[in-house]
Amino acid sequence: MEGTEWIVIIVTIIHIILAPGTKVEESFNVQATHDLMFHLPTNLSNYDHSQFPGVVPRTFIGPISLAILSSPMSFIFRFWAIPKMWQLLLIRATLGLMNAMAFLYFARSVNRKFGRETAMYLRLIMCTQFHYIFYMSRPLPNTFALILVMIVFERLLEGRYESAVRYATASVILFRCELVLLYGPIFLGYMISGRLKVFGFDGAIAIGVRIAAMCLAVSIPIDSYFWGRPLWPEGEVMFFNVVENRSHEYGTQPFLWYFYSALPRCLLTTTLLVPLGLLVDRRLPQIVLPSVIFIFLYSFLPHKELRFIIYVLPIFCLSAAVFCARMLINRHKSFFRMILFFGVILHLLANVLCTGMFLLVASKNYPGFDALNYLQFQNRFDAKKPVTVYIDNACAQTGVNRFLHINDAWTYNKTENLKPADLENFDFLVLGTYGNTLKTEVESKFVTWHRPLFFVNSFHQYKIKKSRQFPWIYPEIIYTEKAVVLKNRNYK
């Protein structure tokens, strides 16, 4: 492996270590992986999804794969009695490294197609941007699909179009049905140009049908067993989002939000270099245009999240990397080109500064995770006592998962909508808020039977501050108390 390839691996691990928590959108895959690792598949009543099924079901294919790949190290962890919280880092590292290797696989095809310098800059650019590396280890359906998407891009660059159809079909059927919006424009172009055959046994349609049938033959029996009813998860997701059009229940954004907000935040200062790459290499427009069309088509869905378009970030960065490589190669030909080359270096440094701030914020954005961890650390000598802990919905959504239930003698309760009077017998309460009213709520509802043990500060917002001294303008990160642990007054 080359030096910049190792940088991708190292940066991925750094992100995992500094921001180990998970949030509500990752909940199903995290909990399912935990249950597969610690419970027999014949004992589904102990599985988290049996108690908290969520709005739409998700496939178990991803968690099963993650549990199997993590099992050798998991066995070692258990043999040495290492707390299972560390196995959360293990599964995230496993997923992150799978995505890192898929990206490096794609980067090597860029090396063969565009040159060594372009591949080097592609890896460096991706390492200096926060969101792609951050999401690579997040147990999300998008992240499992991302592995296959990178393989699809690699196969397309190598001219292995039929193989690309196979991986594309699998990613759509198993993980993210909306990826058809990405693959449609891509494969349509290859079909029109005659590089991808449409009909016949080896045509795109026949290959897609065969792979879809194979994926359904795997997904439906497995997921039907775990969910206890006949089920194709992505089919239900598609019905929920497209037919019922209920995704707006999770919030909406303006039509162009991906273009003016999400992409600039993902690409950071690299945004300025993407169009320049399109100007210096005629091959790039046909590669980049389908990604633009994908984002445009996806914009019709009212509910928007940055992670929904994470797949196409390497394509935009490829365009920027081509420009950076040209500046590196031609830097000695003129003074102007030397200036542009230094601009390329400065843009990487600017990305690193922004990513450092994002990573700092992310490390303090999981109050539920921090609260339960510190509670268990403070009471580590009571690990074998029958302690009861109540975890409210806000903390459950901001980091608490079954990997954090490290004391077998403790009872962790996440029952929703309990009244304050129902909580008086719990030894500890782990409570959170999404606003700034935590202390007020504690003082008005819970002080009769419990007293605050400690509060957890978490990221609230950032502001742009102005100063008369250098650097004149800088971001200020503001933290507020987002979680509290209360201790029963009768607990000894």
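Note that Cβ sites are derived from N, Cα and C of the backbone, with glycine treated the same way.
Pulled from Swiss-Prot, these are the features on record:
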type     : residues : note
TRANSMEM : 1-21     : transmembrane segment
TRANSMEM : 60-80    : transmembrane segment
TRANSMEM : 86-106   : transmembrane segment
TRANSMEM : 133-153  : transmembrane segment
TRANSMEM : 172-192  : transmembrane segment
TRANSMEM : 198-218  : transmembrane segment
TRANSMEM : 259-279  : transmembrane segment
TRANSMEM : 284-304  : transmembrane segment
TRANSMEM : 309-329  : transmembrane segment
TRANSMEM : 339-359  : transmembrane segment
CARBOHYD : Asn413   : N-linked glycosylation site
> Cβ-Cβ under 8 Å from Asn413 (N-linked glycosylation site), same chain, 6 or more residues apart: which ones?
Replying inline: Thr388, Val389, Tyr390, Ile391, Phe426
> Any chance the transmembrane segment (60-80) and the transmembrane segment (133-153) have 3 or more Cβ pairs under 8 A, given the pairs are 6 or more apart in sequence?
Replying inline: yes
> Helix, strand or coil at Asn413 (N-linked glycosylation site), per DSSP?
Replying inline: strand
> Taking 172-192, 259-279, 339-359 as candidates, which has the most Cβ pairs under 8 Å with the transmembrane segment (198-218)?
Replying inline: 172-192
>> Pairs of Cβ atoms less than 8 Å apart decide it: which stretch in 1-21, 86-106, 339-359 has the most with the transmembrane segment (309-329)?
In response: 339-359
> Have the transmembrane segment (1-21) and the transmembrane segment (133-153) got at least three CB pairs under 8 Å, pairs 6 or more apart in sequence?
Replying inline: yes
>> At a C-beta cut-off of under 8 Å, are there same-chain residues at least 6 beyond the transmembrane segment (172-192) that contact it? List them, or none.
In response: 59, 61-62, 141-142, 144-145, 148-149, 152, 156, 161, 164-165, 198, 204, 211-212, 215-216, 219, 234-235, 237-238, 241, 286, 289-291, 293-294, 297-298, 301, 308, 311-312
